[in-house]
Amino acid sequence: MGHFHHMGMSMGMSSGDDNSTMAPSHHHPTSSASHSHDHMMMMMPMTFYFGFKNVELLFSGLVINTAGEMAGAFVAVFLLAMFYEGLKIAREGLLRKSQVSIRYNSMPVPGPNGTILMETHKTVGQQMLSFPHLLQTVLHIIQVVISYFLMLIFMTYNGYLCIAVAAGAGMGYFLFSWKKAVVVDITEHCH
Amino acid sequence: MAMHFIFSDEVVLLFDFWSVHSPAGMALSVLVILLLAVLYEGIKVGKARLLHQALMSLSISTSQQLIEETDQNSSSSDPTPVSRTHLRWFLCHFGQSLLHVAQVVIGYFVMLAVMSYNTWIFFGVVLGSGVGYYLAYPLLSMT
């Protein structure tokens, strides 16, 4: 708990080192609903800021203190966001490839003139204990964890890290969805 | 940071300059957040429609190219239609990527607004998502 207090105090000292255009009093909340918890309000920033001093990232040992470390964190977060987009598209592709079991159900339904028409239902599914489904489940768990990590990174309200998340997502979507769109064009032409 | 929903007329949302003190300011902020949530739903539908339109126009243009090429068998092969299609596809995909970045950023902004734990803002987000879905999703199947 003392660490968070230290972070709140050191944020006041780091605001002078930023080369941002934000007002230096950003770490003092001007309006707070509960004035009795003032020191707790400094634990987590609630507005966007640009800085690289004493930035805690996800885990307790991961603290950014220098510009070099922030650059490394930027690259790592960028790659993580790119990987997340690629994972999403890889899962879609795997799902499409593994959906080979197609069941046709035909049932008679009454037609307009009293004739009997056959209505055919096509269901596409997977077996539960098959390898593709287990692989999808493992990839789903990884995707959920990474999506929560990206959310927590964005929640640090650090401007550099948030830009890394957004740029990584855009670049990942651009690179991976390009190939997917071409594949979709070919395979989903004739339905 | 209070870890429960509170009804309050005071909140600081996302940026330093966005600090709300009065009921009028809160109403305006709720409206802005509502429009942001509507925009988020709209972008989701817009991306899907853009992709569909791009695929339709590209498949039409490629089939036209095939027709032209079979008509002019012995005439000089014209490489420009192929590169024009590639350029169009590249621009289309680049536009979709920008739209995706906008969707990610707006999604995170709405999440951070909910994280302020202000109940009015939360109502604005929920209402905005509902209104956005209601307005946008019929446009998805209108192809």
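All residue numbers here begin at 1 and follow the chain in the order shown.
Glycine too: its Cβ is placed from the backbone N, Cα and C atoms.
Among the features that TrEMBL reports, compositional bias 'Low complexity' is placed at A:15-34.
Look at TrEMBL and you will find A:15-36 tagged as region 'Disordered'.
Annotation comment: TrEMBL describes A:70-87 (among others) as transmembrane segment.
Residues or ranges marked as transmembrane segment in TrEMBL: A:131-151 (among others).
The feature transmembrane segment is assigned by TrEMBL to A:157-176 (among others). With a threshold of 8 Å between CB atoms, the same-chain residues lying at least 6 positions outside the transmembrane segment (A:157-176) that come near it are 20, 44-52, 55, 57, 70, 73-75, 77-86, 89-90, 150.
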Residues of the parent chain within Cβ reach of the transmembrane segment (A:70-87), under 8 Å, 6 or more residues beyond its termini: 52, 55, 57, 64, 139, 142-143, 146-147, 149-150, 153, 160-161, 163-169, 171-173, 175-177
